[in-house]
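Participant: Below is a structure I'd like to ask you about.
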């Protein structure tokens with residue numbers, strides 16, 4: 001039985017990645033947006049390296065959050081419109097599992113590229129090199145949370161004509177704990193303070209979110225498909 | 001789940017309202033075989049309006065039920081209810097020995113095709129077939145299927161460049177390999193040309209003759225013998 | 001228990017029940033509000049440290065507590081609505097959310113007004129103020145989602161899921177904000193340790209708490225009644241109720257007596 005699920009989930013992953021690769025601009029545009037947002041800050045605040053290093057963790061994380069919102073609306077939108085979402089609900093495999101596959105796709109397309117270009121962003125904002133590994137770890141632990149919590153909002157608003165604005169309204173407050181945990185860890189690293197405990201806290205938050213949200217997303221998908 | 005169903009049954013005094021007629025004449029039912037699906041007293045209220053109430057019917061092996069009614073009578077809603085996509089109803093739906101639509105076994109035994117084709121516009125016919133089959137857990141020769149459905153030669157073109165009828169054919173290919181016993185088809189003939197319709201009716205006949213069951217909506221007259229569920233001659237308010 | 005609760009899944013029975021209780025709850029709310037606030041604001045002793053400005057506590061604290069209480073109530077209703085698909089529970093989400101949001105706003109507003117004389121600034125990113133602000137965002141989200149759908153039922157269910165996600169998140173938000181606040185302790189703000197309250201101050205506070213609870217309940221009941229009427233407008237009992245309220249409720253009573 002579980003092997004059956006696995007091949008189904010693999011098929012879902014493969015399909016969605018293939019579709020995404022046919023629409024490359026959807027993957028690249030959020031990254032460009034992220035880049036531009038980050039380059040706005042030195043212009044607006046001033047190029048002093050000390051100030052930039054001070055605000056870098058927060059700026060990178062806020063920009064990451066906004067960038068993930070961009071792709072979020074699309075997460076279930078296409079599936080809803082072409083009818084594959086209702087087929088997803090009708091699969092014999094449990095819906096939370098199928099939804100987890102969708103979340104994974106979203107992370108691979110938005111979260112992972114973000115982690116990959118983070119060193120460049122850190123460079124632009126003059127983040128001390130010693131804090132870079134911690135920044136990367138927080139992004140690795142935190143971006144899946146962005147995808148998972150975002151998926152709840154995306155699933156709730158998928159059937160709305162203009163769900164984008166409502167989506168940000170729903171999701172942003174739920175991101176606040178993540179923002180706090182992640183930036184606190186990076187800031188501690190900037191000041192040379194121990195960060196292990198904070199990373200553990202972030203990790204546990206991440207695990208908790210990833211275990212619980214698929215059920216909420218599944219419930220939301222069912223309501224939206226109705 | 002079981003509790004939920006019972007609870008719904010408790011809340012269903014819908015027979016009393018009895019506004020909209022649900023006529024059903026037993027067509028070519030084989031009485032001795034166990035039924036695939038039994039629905040009793042289905043009532044749907046959407047946006048404070050009764051779509052239909054007190055609809056009861058049984059689907060036996062080798063039977064085709066044709067859901068008819070004017071636009072907005074709740075035909076799609078009824079099919080989605082049966083598929084388990086729509087849970088906001090009163091009454092009871094019992095699948096294959098009293099199971100709920102959401103049970104895994106029932107999911108395997110039913111195939112629902114809705115208004116929307118359910119294929120990915122960015123992918124070609126071949127790719128669409130590939131993921132569909134993987135999700136359905138079936139391995140069939142894709143080329144044979146494409147030939148049968150009449151899409152040979154178009155297999156590599158992204159579906160968004162095909163016509164609506166051709167896209168519909170990709171979606172309908174599932175009917176040629178799916179092991180499901182019960183088909184729930186919502187307007188399957190939409191956008192099909194005459195030859196496509198004929199092809200589909202042939203396939204339906206085949207499915208029925210092997211003991212399957214079909215419930216479908218369509219504004220077309222069917223050449224396959226069918227029993228009728230008539231929904232809502234008029235759309236009514238409460239009482 | 002179910003047999004007792006079941007009739008109230010129906011709009012009409014709930015409407016009549018709320019109608020019978022509402023005058024009493026409203027009267028008690030007004031009474032306790034008058035007693036609590038007059039006692040607290042006019043007759044209670046002044047604080048030895050904060051003088052008279054502490055008196056806003058009689059509004060601030062109850063509003064803050066019941067802004068969270070209302071959220072908890074809304075989440076419970078959301079759970080009932082999603083699991084048992086009871087419509088009155090769905091409507092009570094819409095009935096509670098704005099009341100809770102207003103309480104949250106009052107708490108924030110009075111908090112700011114209290115902050116000015118105490119801390120010298122209208123707004124500080126104090127842990128409690130921040131979590132209260134996030135609570136306001138959550139209420140806003142629930143309301144936005146509830147009214148975003150054309151089909152009211154879908155909206156109610158969507159809002160219910162969001163309310164439940166929010167209620168799981170609230171402790172995490174609260175904890176994280178508190179932790180964040182201790183990390184970023186501002187230099188100018190020092191929280192004085194609160195001495196335990198004198199009984200002359202405690203009594204009016206308790207009465208205000210009771211008053212806010214009753215007031216919240218009264219507003220929610222009133223809104224729920226309207227919500228029921230709005231949704232069941234097509235039903236004959238509503239027409240009867242609106243044209244001739246006395247006889248309709250008498251009918252219900254006599255029916256209940258018979259059964």
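Each Cβ is built from the backbone N, Cα and C atoms, and glycine gets one as well.
In TrEMBL, annotation is done automatically, which means it is predicted and not curated.
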Participant: With TrEMBL as the source, identify the stretch among A:77-98, A:165-186 annotated transmembrane segment.
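Facilitator: Of A:77-98, A:165-186, TrEMBL gives transmembrane segment for A:165-186.
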Participant: Run the contact check on the transmembrane segment (A:51-72) against the transmembrane segment (A:198-221): 3 or more C-beta pairs under 8 Å, excluding pairs closer than 6 in sequence.
Facilitator: no
Participant: Going through A:131-158, A:165-186, A:198-221 one by one, which has the most CB pairs that fall under 8 Å from the transmembrane segment (A:104-125)?
Facilitator: A:131-158
Participant: Quick test of the contact rule: Cβ under 8 Å, at least six residues beyond the ends. What residues does that give for the transmembrane segment (A:198-221)?
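Facilitator: Contacts with the transmembrane segment (A:198-221): 76, 85, 88-89, 94-100, 102-103, 134, 137-138, 141-142, 144-145, 148-149, 151-152, 155-156, 158, 177-178, 181-182, 184-185, 188.
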Participant: Restricting to the same chain and to residues at least six past its boundaries, which positions have a Cβ under 8 Å from a Cβ of the transmembrane segment (A:165-186)?
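Facilitator: Contacts with the transmembrane segment (A:165-186): 56-58, 60-62, 65, 69, 72-73, 127, 131, 134-135, 137-139, 141-142, 145-146, 149-150, 152-154, 156-157, 195, 198-199, 201-202, 205.
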